[in-house]
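Data first, discussion second: the structure below is written as structure tokens.
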Amino acid sequence: MELPNPAPRPEGEVRELERIWATPRGWRLLTAVNNTVIGLLYIGVAFLFFLMAGVLAMLMRTQLAVGDNRLIGQDLYNQMFTVHGTTMMFLFAVPAVEALGVMLLPQMLAARDLPFPRLSAFAIWAYVVGGLVFFSTIFYDLAPKGGWFMYPPLTLTEYSPGDNADFWLLGIGFIEISAIAGAIEIVVGTLRTRPPGMSLAKMPIFAWTMLIFASMIMFAFPAVILATMMLEIERAFGWPFFSAARGGDPLLWQHLFWFFGHPEVYIIFLPAAGLVSMIVPTMARTPLVGYHLIVVALIGTGFFSFGLWVHHMFTTGIPAMSLAFFSAASMAVAVPSGIQVFAWIATIAAGRQRFRMTTASLFVLGFLFIFTVGGLTGVMVAMVPFDYQVHDTYFVVAHFHYVLIGGFVFPLFAAYYYWIPLFSRRPLSERLGRWVFWLMFIGFNITFLPMHLTGLKGMPRRVWTYPEDIGWNMLNAISTVGTYVLAAGILIFLIDLIAKFRFGNAEIENPWGAGTLEWLPNDVYSTRSIPHITGREPLWDRPSLPQEVRDGHHYLPNAPTGGRETIVTSPIHAQPQYVIQMPGPGWPPFLAAVFTAACFLLLTVKMVTIAIICGALAIAFVLVWAWGLDPGPSKGTIDIARGIRLPTYMTGPTSHSWWAMVVLMIVAASLYFAYVFSYLFLWLVSPEVWAPTGSPAPPPGLWPVSAAALMLAGSSTIWLISRRLEKLAASPVAMAAALLLSLALLIGALALELSGHLMTGLRPGDNAYGAMVYLGAVLFAQLAFALTILGLFTLARYLTGKLDGARRVTFDNYMLLYHYAVAQSLLGLALVHGFPRLIG
Amino acid sequence: MKEPAKEAPTVSAILFLLAGPILWAGHLLLVYGVQSVTCVVGSGSVAPSALIRTLVVLVTLGAILLLCLALFFPGRLAHMLRYQTPDRDNHVFSVRVERLLILLSLPAVIWSGAAAFLLDACGLSR
């Protein structure tokens, strides 16, 4: 292969890169956006939550060690298992995966950073502040008590008064938004910032898993965001989505929650499997066996996981044939999981040299054993008759801990031992690592293996104590001892981590002799030059690659725009397309995150005025942050290699910002389809409250037709502005008038929709039908609010000369969201106004 | 700005590679939707069971047919979706992934559809 930049590089380029990518010091460290810095913060805080939720688990096990124990009261115990589960799922597992993505993806893809570093920083700080406040509720008797899945009617105000449940609903709802922000970053980063030549067929498996993980978040999380929104609205304003007496149904919550909750298991497991697929070939010193099969297994698992949600609801009285559909999918998903297990075993067997038994390898082998056991019990509970027997018993507790600890925690620890040399000057101790592994492995099995029997003996989950003479004492005592052994292993790890971890570059660059790009020589700017990729293990295929990269012989060895930048490539074949200019450190993302968290949390305790002020400040800081983006084409084109010149600015469907907006629209569409499902579900359950017989008939057809006409006129206005942006740029009055008109038309349509329903006498608190009708308007209003801010922001940029025919990214975003809002709202009008007429 | 490098639309790639799982998801949505709605709406009418069984079998056969077409004629599907991969590596990868995903989806569809022959359409299992 001919080197992209064969000539020697001029002096001073590396110093320039170091200056541009320097990490801020002191207090300004809070403003850092480098993926290695914020990624480390992200994973550090996620690990802190793991420890804190682990302490809660130990306390619960201590309580259950003997029967009739009075160490912990019932109410506190309820808070503990809720916070334990919620923290492990929402504050540890998903953030830890996103943290690994933020930390490792740019390194694995040899990108300077992910495409939206400030969005990453915002997501991380929002999570840190929101998560810590949520967890602290356990100390003030304010923690939720409804279990990590918060089923109504238990969590309705009648049965859960006070603010405890609201902390879960607003706190977790907010953290899910942070997860979605991270997912947008990962999807666009994986598809658009790969190094030249790294086509989909050559992408590292971890990148595949992160792409699938983030895509799954896009489709799964909106369902639970809608559910939390509905439950909070019902608690705060009495709109009866889940109250059976007024046409709602608690089962709707279960459908929405588990449509998120089951994929969530795979959202956690798939990236862990990706970590294993990276570690196994290195330790076996041979390429991964069945790369194509593993990609297929990952995609298949991701898809099938969305067809399993009802298997959490086998005992809710759903017809047998429906159960069979989901039972079949539950068993089908075992096939791709099995493919991966066999591929790893085959890779270990295929190595010509002996499999290296490092601490990371031990954790991988431990994972294989534990996860396989969890998978087998998973097939058992996928069988409806067996599930009837063990539902809500300790058998299920044992099963999902085998899947989640085996399927995620063990690979995560393997990842710690494997990748810490990338970020720390000293690696962790291999000798202590073996102690850590064996204590964790033995402790885990002593804790959870007996729980299968405890469950089969009939012990239900979530009981704070049990009668001493019922025969569960011995098994519970063994489980408790196991917990302490497991905790001892984690404690040794923690001590070793504190003793050894020092941020910086390791003395040995590639200690395991791995073949992937993260082991190239790294610094704050990632790699000196971005390599051209010709295989899946570039460092094995081309041993001279590290030196070539260090000497700047590959792409973009310098900083030609004078700022932070990386190469954007095409999504399938990774051909260079343009150079993205990225923002550096700044206070706005940090402050926006703090005020967003404050807004949500203050709403929880009903401090509405201060919450609104915080919300306004959060929006203000987001606008300050966005003001510095969209740099325009002023830097022209630059050389990234001999004979390759790329533009430094891009608009339209090729630009990364367009991609991010499309991803956001997919998230919004997922949420809206969850709404459509909810509407139809509640109609099926309670047709008697539906219009036109059970509620006032919808307003006359002229109302929705007029609203639709206004929206279409708005869309046409936007289309015209887009077509004539260059000409309009010379006419401030026409441009301002057109933008304001588009907003007025949208708001007018919303006003028409709302007033039409108000006129009929329908109120949202009347019954489930009224609640669903007005929820549709709320979803429309959310988009209209976002568009109002974005529209005024676009206008402000135009009036200050930062938007014209060529520099138009801000307008493009407004345009995309506007058209989406119109499409969604037209569908809403058809549903809300058409459906009652159809059934009437 | 003019784009320096063009390739097949990403949507085409997604639809081609994921043809199997998309058909599986469509099948699940249809059979579950048809069965649930018919059970509720048709509870008072004569024998919705036969209707549901027939619909489930028809939807399943349709999904199997489409999956088989995509399995045996990936070139035609790629042409229809305007998905072209100029280099051999990516072509082999794409076709292999598409076919293997169909092979995963096919038994899942048959497995789900088989319920129509084994279980009462609207009755509970206990």
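Counting starts with 1 at the first residue shown.
Glycine residues also receive a Cβ, built from the backbone N, Cα and C atoms like all the rest.
Nobody curates TrEMBL annotations by hand; they come from automatic prediction.
Per TrEMBL, the features are as follows:
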type: DOMAIN; residues: A:21-541; note: domain 'Cytochrome oxidase subunit I profile'
type: DOMAIN; residues: A:576-837; note: domain 'Heme-copper oxidase subunit III family profile'
type: TRANSMEM; residues: A:37-60; note: transmembrane segment
type: TRANSMEM; residues: A:80-104; note: transmembrane segment
type: TRANSMEM; residues: A:167-193; note: transmembrane segment
type: TRANSMEM; residues: A:205-231; note: transmembrane segment
type: TRANSMEM; residues: A:288-311; note: transmembrane segment
type: TRANSMEM; residues: A:323-350; note: transmembrane segment
type: TRANSMEM; residues: A:362-386; note: transmembrane segment
type: TRANSMEM; residues: A:432-453; note: transmembrane segment
type: TRANSMEM; residues: A:610-629; note: transmembrane segment
type: TRANSMEM; residues: A:658-682; note: transmembrane segment
type: TRANSMEM; residues: A:772-795; note: transmembrane segment
type: TRANSMEM; residues: A:816-835; note: transmembrane segment
Check: Looking only at residues six or more beyond either end of the transmembrane segment (A:167-193), which have a C-beta under 8 A from one in the stretch?
Finding: 82, 86, 90-91, 94-95, 98, 101-102, 105-106, 109, 111, 114-116, 119-120, 122-124, 126-127, 130-131, 133-134, 137, 142-144, 146, 150, 203, 207, 210-211, 213-215, 217-218, 221-222, 224-225, 228-229, 231-232, 235, 566-569, 571, 580, 596-597, 600-601, 603-604, 656, 659-660, 663-664, 667
Next item on the list: Tally Cβ pairs under 8 Å between the transmembrane segment (A:205-231) and each listed stretch (A:37-60, A:288-311, A:658-682, A:772-795), then give the stretch with the top tally.
Entry: A:658-682
Next item on the list: Give me the mean pLDDT over the domain 'Heme-copper oxidase subunit III family profile' (A:576-837), rounded to a whole number.
Entry: 94
Next item on the list: Using a Cβ cut-off of under 8 Å, list the residues of the same chain at least 6 residues beyond the transmembrane segment (A:610-629) that approach it.
Entry: 118, 122, 583, 586-589, 591-593, 595-596, 598-600, 602-603, 657, 789, 793, 797, 809-810
Margin query: Should anything in the same chain at least six residues away from the transmembrane segment (A:37-60) have a Cβ under 8 Å from its Cβ atoms, list it; otherwise answer none.
Written below: 23, 29, 72, 77, 80-81, 83-84, 87-88, 91-92, 95-96, 98-100, 102-104, 117, 120-121, 124, 127-128, 131-132, 135, 138, 409, 423, 483-484, 487, 490, 494, 503
Notebook entry, point to check: Mind checking which residues reach the transmembrane segment (A:816-835)? Cβ under 8 Å, same chain, six or more beyond either end.
Noted result: 658, 661-662, 664-665, 668-669, 672, 676, 679, 683, 698-699, 701, 703-704, 707-708, 711-712, 714-715, 718, 742, 746, 749, 753, 772-773, 776, 779-780, 783-784, 786-787, 790-791
Margin query: Which sequence-distant residues neighbour the transmembrane segment (A:772-795)? Criterion: at least 6 residues beyond either end, Cβ under 8 Å.
Written below: 230, 233, 239, 241, 619, 623, 626, 668, 671-672, 675, 678-679, 682, 735-736, 739-740, 742-743, 746-747, 750, 753-754, 757, 762, 764, 803, 810-811, 813-814, 817-818, 820-821, 824-825, 828, 831-832
